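According to Swiss-Prot:
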SIGNAL    1-23  signal peptide
CARBOHYD  Asn71  N-linked glycosylation site
TRANSMEM  94-114  transmembrane segment
TRANSMEM  138-158  transmembrane segment
CARBOHYD  Asn187  N-linked glycosylation site
TRANSMEM  220-242  transmembrane segment
TRANSMEM  247-269  transmembrane segment
TRANSMEM  331-351  transmembrane segment
TRANSMEM  359-379  transmembrane segment
DOMAIN    417-667  domain 'ABC transporter 1'
REGION    432-460  region 'Disordered'
CARBOHYD  Asn465  N-linked glycosylation site
REGION    699-751  region 'Disordered'
COMPBIAS  700-718  compositional bias 'Low complexity'
CARBOHYD  Asn731  N-linked glycosylation site
TRANSMEM  769-789  transmembrane segment
TRANSMEM  817-837  transmembrane segment
TRANSMEM  890-909  transmembrane segment
TRANSMEM  915-933  transmembrane segment
TRANSMEM  999-1019  transmembrane segment
TRANSMEM  1028-1048  transmembrane segment
CARBOHYD  Asn1057  N-linked glycosylation site
DOMAIN    1097-1325  domain 'ABC transporter 2'
CARBOHYD  Asn1227  N-linked glycosylation site
Amino acid sequence: MTPEASANWFSLCWFAWIDPILTAGYTRPMEKDDLYLLQPHRCSEHLGSQLLAALEKRRKQRQDYVEANPNKTDKPAKIPPLMWAMNDIVFRYFWIGGLLKLLADVGTITSPLLVRALINFGRDSYNLRGDRDQAPNLGSGVGLAIGLFLVQALCVFLNVHAFNRGFGTGIILRGALIQAIFQRGMNLSTRARTVGGLGVSKLVTLISADATRIDYAGQFFHMAWTSAVQIIICVALLIWSLSYSALPGIAVLVLMSPIQTAITKRLFALRKKSMVWTDKRNKAVNEVVGGIRVVKQFAWEEPYSVRIAELRRKEMSFHRVRLYLRSLNLALAFATPTIATVLSFVTYALVGNELDAAILFSSLSFFTLLRTPLQFLPIAWNAIVDAKNAADRIEKVFDAEIQRDQIIRDCSATNGIQLEDASFTWETAQAADTAKPVNEKKGQDSPSNEKETPVDRASTLDSLNLTVPRGTLCAIVGGVGSGKSSLISALAGEMRQIAGKVTLSGSTAVCAQTAWIQSTTIRNNIVFGNAFDPERYRYVLEVCCLLPDLDTLADGDQTIVGEKGVSLSGGQKQRLNIARALYHNSEIVLLDDCLSALDARVGADIFANVIAGDAMAGKTRLLVTHSLNVLRSCDWIVHMEEGRITEQGTYAELVESKGRVAELLLTHTKDHFEEEKKEPSKHPIDEIQETAESILDAGSASNRNSEASESTTTTVNAESKDTSNAEGVTNKTEKKDLVAPPAQAKSKALMQDEERFSGSVSRTTYLSYLNAAPLSILLPLFLVAVLVFQGSTIMSPVWLLWWQNGHFGLQQGVYMGIYAVFGITQSLGLLSMGVIFSTFTIKSATTLHHRALQRVLHAPFSFFDTTPQGRITHRFSKDMDTLDNIIGEAMRTLIGTIVQVIGSIVLIAILTPYFLIPVAVILVLYFWIAAYYRSTARELRRIDAGLRSNMHEHFSESLHGLVTIRAFGNVDAFIAENCRRIDKQNRAYWLAQTCQRWLSVRLDFLGSLLILSVAILVVASRFDISPGETGVALSYILTAQSIFGWMIRHAAELENNMSAVERVLHYANHIEQEKPYHIPQVDDALEAREWPERGEIRFEGVEAKYGSSERNVLDKLDLHIAPGEKIAFCGRTGAGKSTLVTTLLRTLELSAGTITIDGIDIASMGLHRLRSSLSLIPQDAVIYSGTLRYNLDPLDQHEDATLHDALQRTSLTDLSLDMTITEEGGNLSAGQRSLISLARAMVRKTRIVILDEATASIDQETDVQIQEVLRNEFDGITTLTVAHRIQTILHSDRVCVLDKGVIVEIGSPAELWAKEKGAFRALCDSANIRYQDGEWK
C-alpha cells in the first residue's frame, strides 16, 4: 500500500512519503514491482461504479426536471449529465484544490505590495545615506524581506497542492471513465456497435484520446476562474497605484481579450478539423497494420504509404496553422502586459506625475504577473472546451442501447433449445444480403437511445420454429448468407429478438466461425477463466488432437500464441476454439462451421470423438456445417434459406422428402444413407447412378414419414441418435511433459516485450530528432529570435530605470519611444521563436512519421507476429501526438527559460554582485534535486507508457472477442481484468505525477529563497543602491524566480516526453526490414518482358525454418509445376502447406535451395516485382470498413465493369459496390467475406494464382460454382491450391501430399486414390470420399 495513506502532515506537505521510490530510482533502474499499490478508494472498480451510479442519479434528476417542466426542454442541458456525475465523484477533493489555488493566486498577485514597501524602505534609506542614524531601522527591512519570503513560500505550498489535486482529479476521472466505458462497451447491443458507430476503434479512441483530454482538463480547470480573479485583483491594484493612468493599459487588456478569445476559438476549430484527419490517418494505419498480410502479399505497401502520407499532409496543414496561431496567441499574452505597461507609464509621465520608483516597479510587477493568468486563461478554457466535447462523445456510449437478454433460461426445460415463432434482426448499417446501397442521409448514424428502438427494416431471421431436445446433435445447412451463422448469433444473444420466444436449458458455449484467440498461453485460452482441472484439461487436449501440436512447441501449453493467435495455423486456432468450448462444460454448445478450417483426417477425428462422440455426449449441440458427409451422424437437420427454416427433420426424412437437402445430398453426398459394404469388383464409374438412386429411394424404406414444416414446430426424436461413429479416443498420445503443473507454469512470450530504454535519454536521440528537420536553416534564425527576445526583456526594466533616473538626459518622448520599442521587440522575438519552432516541430514530426511508416510497411512478417497491433498503432497515435504537440513546444520553452535564467542572473548580479553567492548555492541545489528526480521520473514515465499500451491492448482485444466472451458468460471476469490493468497503469501514472509535485515544491521553495536572498541583499545594501535599482532587482526576481524552477521542470519534462521520440526513432531506424523491395535493373528487365510469361514454377532443394528454430518446416523439397497446371497441396495441420505459399511469396525467406518462376530465381528480384505478379486468396479474409468497391479495389485501379464481373463470378451479385461494410466485415457472413477476398484476387490479372484455404467458409454448392469459375476463368493460369476440404481439389491436375515439410505423395487425384494404403487415400477415407464423389483427374 502507498505510504501516502499513513503519512504525517509534514510528509504530505513536502511529498516526503515518496522519497523511497525516488531513492530506488536514483540507485537502480525501476521495475514494475517497485510501484506502490493504490488506495482502495482510488481503484478503478470503485471509481467506475461510483461514476455509473452518479450518472444514473443525474439522469434521473434530468428526467424529473423534464417531466416537471415540459415547456423548458427544447434545448439540451448546457452541462451534460456525465460532467455533473464526474463532478459528483470528485467534488470534495477537487474543489478543495480550487480553494487552495485561489488562495495561492491571491497571495501571488498581492506580493508586489510588499515589494513596494521594500522599495520605499530602500528609498528612505538611500535618501538618508548621509545621516544613517536617521535612516529606517534595518530590522523593519529584514522583516519585510522575511514577510515577502513567507508569503511566497505559503503560495508555493498552496499552489503545489492545488495542482496535486488537479492532477489527481484527472487521474481519478480517467480511470473511472475507462472502466465505465469498458463495462458499458462489453454490454452494448449489436445495433449500438454498428448503427451507433461504437465499434472497437471508436471505443479505443474514447479511452486513449477523449479520456486523456478530460484528464488534462482536470489539471487546468481551476485556472479558468482563478486567473479571472487574479486579473480583477491586479487591475484594481494597478488603478490604486497609478490612478487613472492605469486605464490605457487596462484598455489594452480589455481590447486584447476578445482577440485572444477569437484566436482560442479558431484554435479549437482547427483542432477539430485536424482531429478529423488524425482519426482518418490512425484508422488507415490501423487497417493497414491489421491487414498487413494482404497489403504485403498484394504488394500494396507503396500505394498505402502514399495514401497515409496524403492524410498526414492534410492533418499537418491544419496543425501548421494551429501551431502558428498558438505562437501568436502566446506572443500576444506575453506582449499584452508589456504594451499595457508602456501605455500606462507613458500616460503616467505625460500627466506630470513624478516617476516614483516604488510606484513604477511595483506596478511593473503587477503588469508582469498578469502574464501568467493571461497565458493560462486561454489554455485552461481550451482544455475545458476540449473536455466538454470529449464528455459529449463519451456520453454517447452511456446513451447507447445495451444488450438485453430476452432469452429464457430454464434449467428444468425438457428441450435444450426451443424457438417459437422467433424473429431476429441485426439492424446493421447495411444488410449483408441486400443489393441496395446505403442511404447516407444526415443523422443516419446517430447513436441509438438506450430505450428500445422500433424496428425499421425487415428482420434477418423470420418466424423460426425449432425444438431440439437435450443431448441431441442438430446440424444447420444452407447456402452463403442463408442465416446459419445468424441463428448461432441469435442463440448467443447477439441479435435483437423482435418476436416470438426462445428458451434454452442452461449455459452456452460458442465456437465462432473465425476463432477468437487471446494473446496468452494455450492453457489460458482453453481454461478461459474456469477452475483448472488437470485431468479434464488433458482429456480435452487429447480429444481435440492438440497434444501432437504441443509436442512441437518448446513451452508446451505455456506457449503464448500471440495476438489473434498469429503463431498458430488456422486449424490449430479452430481446435483451440473447440477445446475451449469443450472445457467450459456448458449445457449447450453452438458450433459455427468449426470443421471447415481442419484437414480431413483431423476434422473426422474431432467430429467423431468430440462433436458426435463421448466428449460432448449429453450436451445439446447446434452445428453449422458445409460438410454434408457428417449429416448422417446428426440427430436432426435444419435447412435455411433467406433467414427462414425451409426444411427440418432427420436424415432419412429429408432424403425421403426429396427437398433442398435431398438435392444437395444427391449432388454432394459423401456416403449412402444406409451403411453398405464396398464392392471392389465394381468399377467406380458404374456406382454413380446406383448412388443417386439409393439416395432418393432410401427414404421410402424408412418407417418415419414425418415432414418438416417451417410453420410447424417439430420435435427431434432424442432416441434416434446414431452413435456408431463415436468411437472415442483411440491411439492416445503418450503422456509427455507437455502440460506444465500449475505451480510450475511459466509462459514464454511470443510477443516481444515493448521496447523500453533505460538510463538518461542519449545525445543521439536528441540529435536524431533535431536532424529530422532542416536545422541548418532554422537554428540560426532561432538564435537571432532568442537574442532579440531576451535582449529586449532584460533591457526593458533597465531602460525604465534609466528613464526614472534621467540617466541620459533625453527628452521624455525619447525615453517613452525606446521603452515602447523594447516592448514591441519582446513580442516580435517571442512570436518569431514560436513560429520557427513550430516549423521545426512540423518538419521533424512529418519526417519521423514517414520514416517510421516506411520501416513498418517493409518489416518482415515476423515483426507483426511478435508485436501486438495495438503497440504499433500506439506509435502512430499517442507517441506521434506527443511529437506533434508537446516535444517542440517543450524544447522551445526550455531554451527560452535557460536564456531567461542567464539574463536574470546577469542583470541582478550587476545590481547586487553578492547575489552570485546565493544563486550559485541554490543553482547547485536545483541541479542536484533535478538529478535525484529525473532518473526516477524518466523510468516511471517509461513504465507508465508500457503499462498504458498493455491496458489498451487488453481493451481492444476484449472488445474484438466480445461475442465469445458474452457467450461464455465471462464478461465480469474481463471487466475485473480491465480494472486490474487500469490500476496497474495508474500506479505508475500517479507516482509519476506525484514525483512532479515533489520536484515542484522543492524548486519553488528554493525560488522563494532566491527572493529572500535578493530582498536581504537590497536591504543590506540600502545605502549603496538607488531605489530604482532596488525596484529592478526586486521586481525582476519576483517574476524570474519561477523561471528557475520552470527551467528544471521543463528539462525533466522534456526528457520524460523524449521517451516517445525514442520509441518512434526505434521504429524509424531499427525495425528489421525485408529483402529489397525494388531492384531496379532486374525489375525493369522483368517488367519489359512481361514476366512471368508462362507461370512455370520450380522448387529445388528448398529448405525453410521459422526464426531461430533448428527444425526445417520445409525439408529439401523438390517440385516442378508446369505452366498452367492446377496443383493442390494437402496434408495434416502443420505439414507445411501454407509455408510453401509463404516461400513462394518470400514472406518467409529460404534457408537453402531456390525457387524459380519461368527460369528466374525469385530471390534475385525485388519483392514488389514478385508479389505484384502473383494473386493470393488467403485463408483469413481481411475486410476493411468502407464500401464494397473499396474492398475489391482499394487503389481505384479498375473500372466498375471489372468489379461487377468479379462479383458475378463469385456469386455475390446480390451485393452492391456502394454498400457499406462495417468494421472487420461485421455485417457479412464468413462465407461472404471469403468470396469478397476471392473476387479481390480475380480483379488482378496474373499468371499465377494461389488459393490458401480460400473456400473453407463457403457452402459446398457455392464451392462447386467457385471451382467451376476457377477452372474456366483460370484456364491456362497456374493455380496452387491449399485445402483441407479434399473434395475441392479432386479436379486438380495433380495433388501433392505433404507431411513434416516433405512431399510424401504426388500425382493425379485418381492415381493417388488408387493407392489403398497411400496418404491421400487415407485423407479421402477420413472425409468419407469415394471415387464417384468427384470429378477425378
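The backbone N, Cα and C atoms fix where each Cβ goes, and this holds for glycine too.
In this structure, the CA atom of Asn187 (N-linked glycosylation site) is 28 Å away from the CA atom of Asn465 (N-linked glycosylation site). Remote same-chain residues near the transmembrane segment (1028-1048) are listed as 111-112, 115, 118-119, 122-123, 126, 152, 357-358, 360-362, 364-365, 368-369, 371, 797-798, 800-801, 804-805, 893-894, 897-898, 900-901, 904, 907-908, 911-912, 915, 922-923, 926-927, 929-930, 999-1000, 1003-1004, 1006-1008, 1010-1011, 1014-1015, 1017-1018, 1022 (criterion: CB distance under 8 Å, separation of at least six residues from the stretch ends).
Between the transmembrane segment (359-379) and the transmembrane segment (769-789), fewer than three CB pairs separated by 6 or more residues in sequence fall under 8 Å, so the two stretches do not touch. For the transmembrane segment (890-909), same-chain residues at least 6 beyond its ends with a Cβ under 8 Å from one of its own Cβ atoms are 782, 786, 789-790, 793-794, 797-798, 830, 833-834, 837, 915-916, 919, 1014, 1032-1033, 1036-1037, 1040, 1043-1044, 1046-1047, 1050-1051, 1053-1054, 1057. Considering only the glycosylation sites Asn465, Asn1057, Asn1227, Asn71 (N-linked glycosylation site) has Asn1227 as its nearest partner by CA-CA distance.
Across the structure, Asn1227 (N-linked glycosylation site) and Asn1057 (N-linked glycosylation site) place their CA atoms 41 angstrom apart.
Under DSSP, Asn465 (N-linked glycosylation site) is assigned to a strand (E or B) in the three-state scheme. Cβ atoms under 8 Å from those of the transmembrane segment (999-1019) belong to residues 13-15, 118, 121-122, 138, 141-142, 144-146, 148-149, 152-153, 156-157, 159-160, 163, 908, 912, 914-915, 918-919, 922, 925-926, 929-930, 933, 937, 1025, 1030, 1033-1034, 1037-1038, 1041-1042, 1044-1045, 1048-1049, 1052 of the same chain, restricted to positions at least 6 beyond its ends. Panel annotation: around the signal peptide (1-23), residues 30, 34, 36-39, 157, 161, 164, 932-933, 936, 991, 994-995, 997-998, 1001-1002 of the same chain, lying at least six beyond its termini, place a Cβ under 8 Å from a Cβ of the stretch. Taken together, the residues in the domain 'ABC transporter 1' (417-667) have a mean pLDDT of 82 on the 0 to 100 scale. Just going by CB pairs under 8 A, the stretch in 138-158, 331-351, 817-837 that sits most against the transmembrane segment (247-269) is 331-351. Sequence-distant contacts of the transmembrane segment (915-933), counting only residues of its own chain at least 6 positions beyond either end whose CB sits under 8 Å from a CB of the stretch, comprise 22, 26, 905, 908-909, 995, 998-999, 1002-1003, 1006, 1009-1010, 1013-1014, 1017, 1033, 1044-1045, 1048, 1051-1052.
For the glycosylation sites Asn71, Asn187, counting C-beta atoms within 10 A of each C-beta gives the highest total at Asn187. Counting every protein chain shown, the Cβ of Asn1057 (N-linked glycosylation site) has 19 other Cβ atoms within 10 Å.
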